[in-house]
Amino acid sequence: MSRRSKPVQQQTTFTGVNNELPQLRSRESLKRQISDVPEGPSSKKTRVHSLRDYFNQSMVNHLNSMVQNAWKKSKGDKAKFTKEVNLLKAKSETPRLPSGTLKDAANLAHCEHHEMITYMNNNGEKLNKFLWKDFFDANVDNVAQRFQAGHAATSSSTPAGPSAAPLQPMAAGPSSAPFQPMAAGPSTPSMPFTSPFQSTAAGPSTATASSDDDDTSSETTISEIGSVFDEDPTKDYRTCSVTMNKILRADLPEAIKNIIFGKLNDATHRSTDYALNYYLVLHLLLLKFRDGTFALDNQTPVFRDAPGFAIARLLPAGYVKSEHCNVTHSALPIPTAFFASTNLAQDFDLLFQKSHLALMQSYFFGVRGALESSLTAHPVQKALFQSLIPCNVTPQKYSAHGLSSAECQNVANKIQTNIGNMWKGNKIFRHLLNKLLHALLSIHLAPDREAQRQEAMTKRDKGKSKDKGKGKERATPLPPSVGGPSTTQSASIKPFTRNAFRNIRRGETKKINSYQAKKEQDPSNPKWDSKIQHCQSRIDRCYHLYKNSPRSIETPSAVDDDDEKVVSVEDQEEEEENEEAQAQSDLSRRRLRVLTAVCRDLLLDDGIAACTEDHIKKLLEDPQQPEVDCCLNLITRLKPYIPRKDAQNSLARVLPFCLLANDTLGFTGYNKFQRKLLPDPQFTHQYPLSLSAQTIYYALDRGPDRLIMYSYDGSVLISATKANQNKDACYNSIFDLNAVQQVCKSYGLTFAQHMTLMPGLKTVRILGCRPKKATYNEDTKGDKQQRWTKEVLQNEIVVREAQKDDDAINADINEAEERVKVLKEELKSALKEFDYASFGQKIKDKKKTWIPGVTNNALYGEIQQLKIDRNEAFMKTQHIRQEMRSVRQSLFYMRTAKKNKSKIRELNAAKSTATTTAEDIPALRRGGHGVHIGPRRLAQDIDIDNDVVFSGTDNGFVTMTETVAFDAKRFAFHLDMFCHQGLDKEEQAALVAKHDPAFLSLPPSYKIKADDVDFRCGYRKARLKLERRKRENPHIRQLEQASRESSLKGADTAQSYLSRFSVQQSNSGALQAFYDSPARRAENRYLELHNKTQRNKICASERQFVAQHKKEESSGPAGEGSSRRKPKPKPIMMIGDSGLGVGSTIKGYRRYGGTWKQNLQGGNTHVCCTSEYMTSQTCMYCFSKLTHPTSKQVVKGKVVTKKVPGAFVCLNPDCVLQQFGRNVFARDKLSALAIGLSGVNQLLFQATFPQLSRKFSDTSTDFINKTASFRSGREARASV
């Protein structure tokens, strides 16, 4: 989304009353009617066709002024006057329009300056400077003679001036002919091509003009056209979709309507071609970094081809690259000497920025090309542009696009916005740096694990190639003898699992029930009995096959069938590595993470020019020589690619490293860690057309059957400037603005004077705006990191430590560091003692020796002792970790206080003057709704026992959301459990009995899975339809196969990319015709509407589940008074703030995540975004840390330890769940409950459980004190 610095003032606007707009007309009809227009001040003919006459008069005035100045210089000497006139003639050999000619003409015509500029650019037979030259050559001698004669006659009384011998406008000639309406015919370029961006670089403008008048024309036209729409920072912008026919003017003649659709379709094709060529040039410039590098030739930057950096130099000898990678060499680092010059460094930093894209567009797409002065001012960019000449990408290569500057600007703005969003901050650089170091260290120091990964990749690729072209298999494959002949051979190889049988039985049982209901309605028909018998026989046959089919080894699970599925052994990414595995050649993953951090810190340290072993050993604890050698090798080779910290936000500076990282990750098979550096072009669909007022004007004014538009005052819109000043009239020429406003009003928006036309002219996305909602008055200055730093500096512990002197702080820091080292050793020994899998195996072995019917007291005691030892070992590790966390946090506070003493004093001096009370926090009112981010509180008139019901929601990938509902009673139970920790078993049982024993189990949950969204919203049906149409169209499948073989991702050089792009572009026409066909457009529109309806239904069912939690209580007691029902409680939903699946790189899942669900829920009830910190790792009964159940399994002859990721177990022996045997939880259900409880705490007390708080300064005592009044009030009501 672009933004204007100064909105365009509108001359006429749509009010809905007395806004009668003349219909669109062709210019042929206008020409026929001009002769019938009466002469007079209000004549449209005078207004439309006198601009050229005023321009002629302005040229007359300027010529008279030039001759007058020459006479003044000659001081009345005829010889000198002749010499001055000859000098004017010599200067006129270089065509140049006198400064101010167009501005004076606009003043004479009483019109806007830009209107005159646009009119002359569109309607002149020649460029303005050539019109001036012809006029000057034809009239200068005549003016000089008449001026000299007139001055000689009146020199004693009349000053020299143009009035002494006035020159009339030119006689009839090519350039003096009055304006004639444009007849239908081939279109000429509507205006000289200008870059849609303003140059932000120092130096001459990047405009394409070569004279003063063209400079003025280009710059002012760009400024006036502006961006896509006028953005108001006080408003929120949203889009809403509507069909084209719904908002099209009903009074348009059919002929005019066909012309409009044809012109808009043509504009869409032109914009798509322009965008594809724009992407082509961008990617070619990017890939040139792989083909060569910059160098200096006599202090002039040049781009020289050179062999790239060999990726094999970063890898062990003999490493075999991935078979899917074609790239063996990557980008070279930019020489440091290149940045010695400040001008060159600044010009290099502009690459792929706004000014660079503007110059690139002028150079390759401009009708006149880029100014030589602009290229001279940017030598680095010029060298990069010229490097594409060997690829046959020459200056003005793509200038024949036939688009106006406004349309080019719309396309370029979108691409630039996408690039800016991708490179916001330095996230791409940081991500690639971490992943590259992790991959390289794993390859060097964990070769066995790397070999297993490559073997798994090879098997996966073989499986893909084997199943290629067979279509997608059933989620539950049928055996070959069930359901008819099977066409999928791989399904028969898989075992007939229990889930497959259950699915078949469920389906057949449903059919049986349906047939029985029909049999009751039609008992005389015998076919229902045969159908029921057939279904029952199929169930029996499948059961027999299930019992006799080979079983796969079942993975033990501590989770019920209703919970998340346990990931299979082969798909586990993380394995718990025991001490024996660590002692082998492979380093542990923990150690690899440490080495990655060390290498990253040394690479990013600007103070280290050349890294040595001492630098690594200083940061690395217990360094081993192979580790040091590997780290030193990687740092030495990667250090030239890493820019200084102050330059890491520059796209150009980090680009060589990002290319190297992507190429290396692809070379080694870590494709999932690669990041996209530039947006990719799409060839299968046309690009949407941005419908601004200027776009509409140029689209209708192009080609044959050119149309004219009118403003509300009846004047003709003769230029894009005029259209921009009458946007409502421009849109109203095609669309019914009453209908547009009604559509926007249904979404709570107002029309923001911009639309986007989707391919196929079926759907229009209307841009609307609404006032921004008032937010809680928080300190939002700076970015997130700055606000976090400010919060840390105001922490009480940091302030207290800052009051000490440096010697005392250093002593405390040294003491804390020594304590951390001791705790690390204790944790290592504690982890050796605690092995959950080993304890579990011993307990199972003991249980196997249990003899039924015999007293096994000794065996029972041994089993219980094993459990006690297991729990004590676990709690020992947790206590050590908790203490280590506390000491490390204190270390952080002390170091922060020592480093920022002056800032701490300043911030806390300002903080003491500002106070915030609870009344300043916005309250959630009864009957309100909305999505709330930040502190909130409940209004005092809300009764949490009767008026509301709470819920917590955890986000995920497969299970998108899991929601649990609870009331104030359950919340009070967990609050009491927190405030009464350390009770013995009898006291715990009494506390449970005081509330409700049912609270010991997690509440039921409501799940929304990605498959549900995929099916209910129609995405699956649309995919199946598309696949069927592809099967029916072999030509499309051939084109797609050719496009896959020529994928742009496989290009290793600029020339290779160009050839692959040509193949893609040649296939794009047929693919676009297939994907944008009328049938597909209708399906997409239906899918869009159906998607909206179904998503609302999904959210409504979730709210209904939450509201039904208190259904029985809200219905009232049976008997007397039961007819008076209590009001239904209003849900207040706490939704986690992470795990939404936005931007996730995890493959294999339907990505339907995002904030859409919480936004839809916020339209009906209160939704509070709640922090998920530690919510899935904390027991909500004893508030201690949880752990995953693990088990030992034999995989390929090796005993490995596996986690059960779908469950958590609480091993705290003091937990109330231990005596009731309910200490195993479903992961997502527990997290959802913890999110809900944390959110309610924030609403009631503006604080949460310390175990769920990110603030380490929060203590249990403070939280208990805050909740005292709430708990005492409930106890008082309970006693009454």
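Heads up, the Cβ atoms here are built off N, Cα and C, so glycines get one too.
Looking at 239-273, 659-693, 799-833, 1184-1218, the stretch flagged in TrEMBL as coiled coil turns out to be 799-833. Away from its own ends, the compositional bias 'Basic and acidic residues' (505-531) comes close to residues 538-539, 542-543 of its chain (Cβ-Cβ under 8 Å, at least six residues beyond either end). Using a Cβ-Cβ cut-off under 8 Å and counting only residues 6 or more beyond its ends in the same chain, the coiled coil (799-833) has close neighbours at 579, 873, 876-877, 880-881, 883-884, 887-888, 890-891, 893-895, 897-898, 900-901, 904-905, 908. DSSP places the residues of the compositional bias 'Basic and acidic residues' (505-531) in helix, strand and coil in these numbers: 22 helix, 0 strand, 5 coil. Mean pLDDT across the coiled coil (799-833) comes to 86 in this model.
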